[in-house]
Structure formats: C-alpha cells, structure tokens
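*Asks:* First the structure, then my questions, so here it is.
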Amino acid sequence: MNGELTVPAATKDTLPTVFGYIGIGLAFGIVGKAAGLSPLLVTLMSIITYAGSAQFVVVSLLAAHSPILSIIFSVFLVNSRMILMSTTLAPYFKHESMIKNILVGSLLTDESFALGMNKLNYSDNHLNFPWFNTANLLAYMTWILSSLVGAVLGNFISNPEKFGLDFALVAMFIGLLYLQLISDRSIKFNLQLIVVGFVLVAIYFGLIFIPSSLLILLVTLVACTFGVVMKHAFF
Amino acid sequence: MPSFNFVLLTIVGTGLVTWISRITPFVLLKKFELSKGVVEFLSFVPIAIMSALWFENLFIQHIGQLPSIEWGNFLASVPTVIAAIISKNLLVIVIVGVISLGVIRFVFGL
C-alpha cells in the first residue's frame with residue numbers, strides 16, 4: 001500500500017480482500033441455496049441487503065419462519081456498527097459532494113472501512129472519492145457475482161464448511177487488524193494492544209448475557225471509551 | 001422457506017435499515033462538525049471493531065454460561081496471525097487462514 005489515491009491504486013489495494021469476498025460470497029450462495037432460496041433471491045439479497053455476515057443471519061431466520069419485523073430488527077442490530085464506521089469515515093469526505101458522500105456510504109463494508117483506515121496511514125491522512133468508490137465497487141461486484149456462482153454451485157456442494165472457506169472473513173479481520181496495529185501511528189502501539197486485549201475479555205464475558213447480534217456494537221463502544229480513558233491516564 | 005414475495009419483502013426491509021445505518025452519518029456530518037472528544041473516541045473504532053469481529057468468531061455462545069471455544073477458528077487463528085506478522089500481506093493472510101482451517105477440519109474433524 002502507498003499514498004496514491006487513484007483508481008489503479010485502489011484496485012491494487014483492494015485485490016487481496018477480493019479473495020475474502022469470493023470465499024464468503026460462494027459460501028453464502030451455497031448456504032442460501034441449501035436453505036431453499038433460488039439463485040435469483042440469493043443474488044437479490046446480495047444486491048439489495050448487501051450485508052455480508054448478516055445475510056447468513058437472514059437466511060437462518062427465514063428458514064426458521066421468523067416474523068419479518070424480527071428479521072429486520074436483527075439485521076439492524078448486527079449492522080448498527082455501520083453507524084459507527086460511517087461516523088468515523090465521513091469527516092474525510094466532507095469536501096466531496098453530498099451525492100458522492102451517499103455513494104461512499106451506501107457501499108461501505110467492514111473491509112473497505114478497514115482498508116480506508118489503513119490507507120490513511122500512507123496518504124498523509126487523506127481519502128478521496130475515486131479511491132474509496134473503486135474499493136467499494138470492486139467489493140460489491142465480487143460479492144454479487146460470487147454469491148450467484150455459489151447459489152448455482154449449491155446444487156453440487158452441500159457443506160461449504162468442509163473447505164474452510166468460511167474462515168476467509170475471520171482471516172481478513174485478523175489481517176486488517178494487524179496491518180492497522182503496525183501502521184497507525186496516531187495511537188501508541190502498546191495502548192492499541194491493551195485495547196485489543198480489553199476487547200477479548202469483554203467479548204468473552206459479554207457472551208454470557210448479551211446476544212451476539214448486539215455484542216459487537218456494545219463492546220466496540222465500551223472499548224473506545226476504555227481506550228480514551230487509558231490514553232489520558234497513562235499515555 | 002417462506003414465499004418468494006415474503007423473502008423479497010424481507011430483502012428490501014433489511015436492505016433499507018442497513019442503508020440508513022450506512023448513509024445517515026455521511027448526510028449529517030456534511031453539515032455538522034464532530035467535537036475533538038468524539039474524534040478521539042472514534043480513533044479507536046478500527047482496532048476495536050476488527051478485534052471484536054475476530055474474537056466473536058472464536059467462541060460459541062451459551063446464554064447464562066461462559067462461552068465455549070470454537071476450536072476450528074481458534075486453532076486456525078494461530079497460523080493466520082503468524083502469517084500476518086511474517087508477510088504483512090492481506091492476500092497471504094487470507095489464503096493461509098482458509099487453508100489452515102481446511103486442514104484442521106480435515107485432520108481433527110472439528
């Protein structure tokens with residue numbers, strides 16, 4: 001990764017994450033087909049809902065014949081972390097037009113967010129529309145295509161877990177976290193490690209009494225507060 | 001599986017709430033400025049959210065009890081972290097991760 005904020009640079013920066021989207025997209029298509037969704041509905045969900053892991057939640061709730069409002073509310077909870085990511089990202093696009101802001105926001109994902117945050121460490125703390133939109137669009141196309149292919153392949157493969165494809169997402173989170181840790185110089189490395197450790201403990205004990213759909217958001221909020229307090233007290 | 005129309009309505013509904021979560025901050029922050037305190041708070045979001053998403057995958061929830069360990073993901077995380085430290089390359093990290101879990105499932109049947 002370098003400081004260039006161009007379309008070719010964005011393509012190069014996004015390429016590694018594309019393989020993650022392919023893995024999870026294929027897995028989603030296969031799982032959706034196995035649960036009884038047609039390839040058309042699988043693809044429509046990837047186009048319209050476009051919510052990565054939350055789409056797996058939707059499929060399992062649909063299969064369990066849950067009421068529509070409870071499905072929508074679950075997805076809102078799982079994706080409420082998007083509000084936090086958009087709030088973090090939006091100030092870097094203040095100089096762009098409203099329509100470009102909405103476009104960047106509409107296709108934002110965990111991975112494009114993390115990529116953008118990583119990019120800031122190389123680009124002198126700047127982001128722009130061409131770079132981010134390219135990263136977003138590549139992810140979006142890859143996700144749609146691979147879930148369609150997965151749904152079609154679903155006739156031949158019954159359990160995608162066997163191949164470890166579902167780990168692509170987790171591996172991506174690990175990679176993006178590590179790259180952020182070593183390149184973000186705005187927060188001291190030791191403080192970042194302490195916050196990561198705090199998150200581990202909070203997730204472990206939070207799982208006892210907080211539904212996992214809500215836990216990610218709550219732990220993130222508490223961990224950020226913890227980080228600010230530690231920064232002022234010790235760093 | 002429910003009817004085509006029910007699924008379609010669900011897709012549109014879930015798409016709408018996700019879209020609103022994604023764009024509202026962009027629309028609001030075009031007009032308003034964040035305070036220094038909020039910006040400092042948000043500077044922790046990337047590492048906090050990425051680690052939360054990772055760690056949540058390492059456990060299996062049992063409400064009212066301590067979670068149990070998802071051994072497949074847990075063990076596969078070890079070579080993945082090592083790959084991150086050595087390669088610092090996202091593509092290598094993802095490939096090592098997927099192959100690790102595939103091998104672990106094949107060998108241990110987890």
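Quick reminder: no glycine exception, Cβ is built from N, Cα and C everywhere.
What you are looking at is a predicted structure, and each value in this text was computed from that prediction instead of being measured.
Per TrEMBL, the features are:
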- A:20-44: transmembrane segment (TRANSMEM)
- A:56-78: transmembrane segment (TRANSMEM)
- A:137-157: transmembrane segment (TRANSMEM)
- A:163-182: transmembrane segment (TRANSMEM)
- A:189-209: transmembrane segment (TRANSMEM)
- A:215-234: transmembrane segment (TRANSMEM)
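Provide an account of the burial state, proximal residues and distances for the features listed.
*Replies:* Under 8 Å from some Cβ of the transmembrane segment (A:20-44) lie the Cβ atoms of residues 52-53, 55-56, 59-60, 62-63, 111, 139, 142-155, 157-158, 160-161, 165-169, 171-172, all in the same chain and six or more residues away from its ends.
Counting residues 6+ beyond its ends, the transmembrane segment (A:56-78) has Cβ neighbours under 8 Å at 28, 31-32, 35-37, 45, 49, 211, 213-214, 216-217 in the same chain.
Note on the transmembrane segment (A:137-157): residues 10-11, 14-15, 17-18, 21-34, 37-39, 42-43, 45-47, 50, 52, 107, 109, 111-112 of its chain, located 6 or more positions outside it, place their CB under 8 angstroms from a CB of the stretch.
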